[in-house]
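Reviewing the structure listed below.
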Protein chains: 10
Amino acid sequence: MTTRLELTEKIVRIKIEQDLSWSELAALADDLSKEFVTAGLLGQMTLPKQAAEAIGGKLGLDAFEIKLLQVPPYRGSLPTSVPTDPLIYRFYELVSVYGTTFKALIHEEFGDGIMSAIDFRMDMQREPNTAGDRVAITMSGKFLPYKSY
Amino acid sequence: MTTRLELTEKIVRIKIEQDLSWSELAALADDLSKEFVTAGLLGQMTLPKQAAEAIGGKLGLDAFEIKLLQVPPYRGSLPTSVPTDPLIYRFYELVSVYGTTFKALIHEEFGDGIMSAIDFRMDMQREPNTAGDRVAITMSGKFLPYKSY
Amino acid sequence: MTTRLELTEKIVRIKIEQDLSWSELAALADDLSKEFVTAGLLGQMTLPKQAAEAIGGKLGLDAFEIKLLQVPPYRGSLPTSVPTDPLIYRFYELVSVYGTTFKALIHEEFGDGIMSAIDFRMDMQREPNTAGDRVAITMSGKFLPYKSY
Amino acid sequence: MTTRLELTEKIVRIKIEQDLSWSELAALADDLSKEFVTAGLLGQMTLPKQAAEAIGGKLGLDAFEIKLLQVPPYRGSLPTSVPTDPLIYRFYELVSVYGTTFKALIHEEFGDGIMSAIDFRMDMQREPNTAGDRVAITMSGKFLPYKSY
Amino acid sequence: MTTRLELTEKIVRIKIEQDLSWSELAALADDLSKEFVTAGLLGQMTLPKQAAEAIGGKLGLDAFEIKLLQVPPYRGSLPTSVPTDPLIYRFYELVSVYGTTFKALIHEEFGDGIMSAIDFRMDMQREPNTAGDRVAITMSGKFLPYKSY
Amino acid sequence: MTTRLELTEKIVRIKIEQDLSWSELAALADDLSKEFVTAGLLGQMTLPKQAAEAIGGKLGLDAFEIKLLQVPPYRGSLPTSVPTDPLIYRFYELVSVYGTTFKALIHEEFGDGIMSAIDFRMDMQREPNTAGDRVAITMSGKFLPYKSY
Amino acid sequence: MTTRLELTEKIVRIKIEQDLSWSELAALADDLSKEFVTAGLLGQMTLPKQAAEAIGGKLGLDAFEIKLLQVPPYRGSLPTSVPTDPLIYRFYELVSVYGTTFKALIHEEFGDGIMSAIDFRMDMQREPNTAGDRVAITMSGKFLPYKSY
Amino acid sequence: MTTRLELTEKIVRIKIEQDLSWSELAALADDLSKEFVTAGLLGQMTLPKQAAEAIGGKLGLDAFEIKLLQVPPYRGSLPTSVPTDPLIYRFYELVSVYGTTFKALIHEEFGDGIMSAIDFRMDMQREPNTAGDRVAITMSGKFLPYKSY
Amino acid sequence: MTTRLELTEKIVRIKIEQDLSWSELAALADDLSKEFVTAGLLGQMTLPKQAAEAIGGKLGLDAFEIKLLQVPPYRGSLPTSVPTDPLIYRFYELVSVYGTTFKALIHEEFGDGIMSAIDFRMDMQREPNTAGDRVAITMSGKFLPYKSY
Amino acid sequence: MTTRLELTEKIVRIKIEQDLSWSELAALADDLSKEFVTAGLLGQMTLPKQAAEAIGGKLGLDAFEIKLLQVPPYRGSLPTSVPTDPLIYRFYELVSVYGTTFKALIHEEFGDGIMSAIDFRMDMQREPNTAGDRVAITMSGKFLPYKSY
């Protein structure tokens, strides 16, 4: 076991073999959401020591692997710049279709700057609906203004 | 004036010249959010007749241009598959970093399927915060299950 | 055996070694078409438990592999964005040549929206013809209208 | 007016200005389907003389433009190799997800070869359905076997 | 040995080790040209049973490998869309430089349609010449007319 | 009129307007084949003075345009590295499928080197056939051996 | 004059015609560095009102153009994702060669997070040196930690 | 252990296992900065003999691996031409946004030429700041003028 | 006339119209080679004042255009990253085939570093040869060592 | 050991382990330059029998590996179409910047045609210079005229 990618594949395999859910695994981490922990286990976030040890213990990872979960990863979870998986592609499509709208409305409300993708949190919930349940995603990112200098 | 892209550039120019805001323009459209109307004026959504005529009138568009706003456009608002604008790139980065997390958690909650990007709505608001205001985005898309056959 | 891609390669190999056909394998799955089952065995669809166990048993897969067939895969079955295989390329060519025609005629009939690729079924049959038999493909996807909001 | 692309843009504009439908235009062409004629007017097929003259007359095209409709075009109607428009993308996604399934099942039924995209016809119809109408597409392409030599 | 690509590498290695030529190997296949057989051994064509068994026997392939030669392969023999090898690049260059000429002259002679790359044969010969021998390639592909419908 | 590309578009337009064929135009050039002349008029070859003047006169080109036909062009006639036009794509497909076969057989016959695409000629003819006429292309390129030094 | 890109080209032309330097232009803007102002005039930053009016007046821009300088632009100043200009390429090369080093050392010093490219300033100076003067660039960007949630 | 890439992966693993920092490792190299040594250990620079032996000894590398650290590597540390990791992407974004500004100001100060990325040094430090600490990077590259000849 | 690219096209056109050669034009520039001047006139080098004025006068350029020749251009003369023109492609092929050889031999002779493409000169001459004349190119670039720091 | 790429990696490793230079290895080949032999050992040229056996013996290669050095390789030594290594990139940059100049001057001197990259030789030498030694490269390629036909 050397790389974070191999560790991610190992975690996914053990999770399937042991019939674990991401929510169950995330519950082992103090004060962390299921979104953050899942991203960490999928190789995109750095887990705190407590979370890495608790979840690593549950999954039977070795000492190096538990340390590796605590090292900032080389991020980027997709094999191609345009994702081929339909679920993930729909989010890419939203960026493609709504990207200039995001830009227009955020600039209108806040002036020139961006929404941070670092000082950021997100939450995914089921939204019951008689016409078919909906996926509800809320995102919150700090507005960062461009500063003149 | 021939293409939708040229119409978008014209609308952006008039908006700047007349010091109009997207919110003001959207207020002319009955029952439509600022997000939907802005996307329509930027060439990504089909405006209903009332909205096209009210906003087209305000902007001084001609009859063909008002009709063109009511024709489904060839969507995709970005010049490159990886966006270069930092504000829009941050959304692409979220897809790149969180894409597999979105997939894992939606499948865990709903089973195999996707979040629709068609039966979809979104809302962008300022979230006041003493450590710096935040951009709050809520998305709601119908879950569409893969059907076996 | 770790990944779905490796499982696909293994299934293809066993099928050749044992002189099995996709239709024979699909016949082991209750109420499923040969199209859906083949896509599942090639790593693109999630098989129901009954199908995974019946076909996995026939192929001699182990318990983890049978579970893996029931997990939503990272979809996308082609190694390049423009497919190099001539049979598959012809379908890509149809999208390239007829794409704007599909768009024009579906919008004319249904208004703005898309044909779902999720709530979708397809069927492939031989169409006998004295000038040479033909491949007949029928597709049926739910129309999903863009909703204004 | 010089190129076929410019002619396509002109035809689309006149169609919008005159509130014409593709079906109406296609009805002016003897013995041709709406699918074939629309593809021709969108710059992807060669129209026969009768169709070019009847439709060109209706649209007010000049003599050169009517001739141009009868010249085999440089085909390919999409601006990028992966289409950005969601309606057209769904067809690309079908090729990406089902491509290897098409290949497996056609080879199983017919042996080595392809479905022709040249000796080909297609038809798009509305399929009424209480759960929401569906887009029904039927394709028929001659099977062309690879010949050994 | 699992995939066709690995089988191709194995065949190339054995051919070098045993000092065999493609022509010698092709001579073991009844009624097949050296061009077709070489393409088959390089993973691009489906060999008939007799040829697979005769050549597979000569090369010492096992039963699965001999079957694999009889399965339609995922075609495309080049690692990049623009080939880097100078010999192969020259053919790509001919398509780049002469592509529109091929198109113009074939349409002038035959009308709208294509030269089939499936119902196709080719032959490569040495053409003696005092200024330096030449490579003579003849290709013959069935003309397939686009059919209106 | 400034660039060779614009000149090519102009020539194509005049040819259509005047109902001329490539063969007729080529017949005005002393001792040149229709393949070479067509490539020249499509911006890929340098025409000799006699040919440029005779054909330019027929087409009504001005003095600069006739000179421009005699200047070596920046070659490459296709808008994308993988051609989208089906007729031209089939030739690209042949390179993709048969590229390694060309390489194997030419090296077997000639040793290490290439077939020249410069000291090269080609000829396209109709090959009558009761099962449907065929396109017959013969190519002849000088073999150029790699020289050690 | 419609787009920001056209405005940038116009500014560059006037600057050459009038023998102005970027430093002279930047001196007209209160409290802004030459780096920020130059980026603004090249279409990458939003100029404050005072700067836009003072510099726009000097350059003879019209009222719309002066407003356009105050609108957040679609950023990204390079025509290709890998820059071809040698001066700019050297910076890209530094990212390519030192990217993982930047990542390793910033994480070691600060933990997981990034250097902001928004809350950022930079300065370029000549550094005299007897072995040849040097370009000295200092950058300062706020460290933004990834927050767990 | 064969390639430099494998050696880099091994070094990263040992560093994590032994809780070493890049600064500690760099301190073992006489007269070299932490930036240069880290780049060397990550496969981008050639380490001098003393540094390779001292650090290699600490890490337990074998004789070939210590030699390999002294061989000029094939440089380029990123898996894609546009980096996906957010920390590294921010530097790429700076090149994209500020590239033409770098070019304008360096030419204004120095004339035509480039900043060397070879005769180059850089330094990364923490810059304390009450509004949040900052990453301070200073770069110094020799100016190289284009010479006319 | 606004951009350097348009100026290059204009110069090429005038040169053809007036039957001028690059050598004749270069002879108007004091102390400059034909290689440097041609690169300048093709938009890749900055011409000194004397050369810009002498050649600009000969070609009938206006004052702005003569100034533009003295401004460092955005370099890169090719429309695609892999050149399609056969003459230019051959040089790209040499980099592709011999690139690692250049690297190996320069490092063996000089140690780690590069050959400068800035402090560089080149010369192209005809090398008479009874087997056919040869193109002789000599390049001379300063060796720039990587410096440790 | 199966492929040429693996053989190249093995040769590079042995060369480092045994402290051999490319020049020493090339000296074992009768009548061959260091440039040709190095390219052969790096997998880009076909070595003659004597050279393969002499050098293979020195390096301890087995019989298959020595044969493999005598088989024409699939050429192309770089992992990406735009090289990332700075030394090799500089050569690519020369093609990008000087490509149209090479084309203009070779056509002016020789007419339409190319410099052969097959009937080609090159030589790399150190050019002593008090301002810093220079890399001197001389290339000689046969001019190949396009032939009309």
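Using N, Cα and C of the backbone, Cβ positions are placed for all residues, glycine too.
Some features that TrEMBL has for this protein:
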DOMAIN    I:77-149  domain 'Cyanate lyase C-terminal'
ACT_SITE  I:Arg90  active site
ACT_SITE  I:Glu93  active site
ACT_SITE  I:Ser116  active site
Worksheet entry | Listed in sequence order, residues with CB under 8 A of I:Ser116 (active site) and six or more positions away | I:Gly141, I:Lys142, I:Phe143, I:Leu144
Worksheet item: So, by DSSP, how many helix, strand and coil residues make up the domain 'Cyanate lyase C-terminal' (I:77-149)?
Response: 25 helix, 27 strand, 21 coil
Fill in: Listed active-site residues (I:Arg90, I:Glu93, I:Ser116) that sit near chain H [CB under 8 A]
I:Ser116
Fill in: I:Arg90 (active site), number of other Cβ atoms within 10 Å
24
Practice prompt. Count the other Cβ atoms sitting within 10 Å of the Cβ of I:Glu93 (active site), across every protein chain shown.
Written response: 23
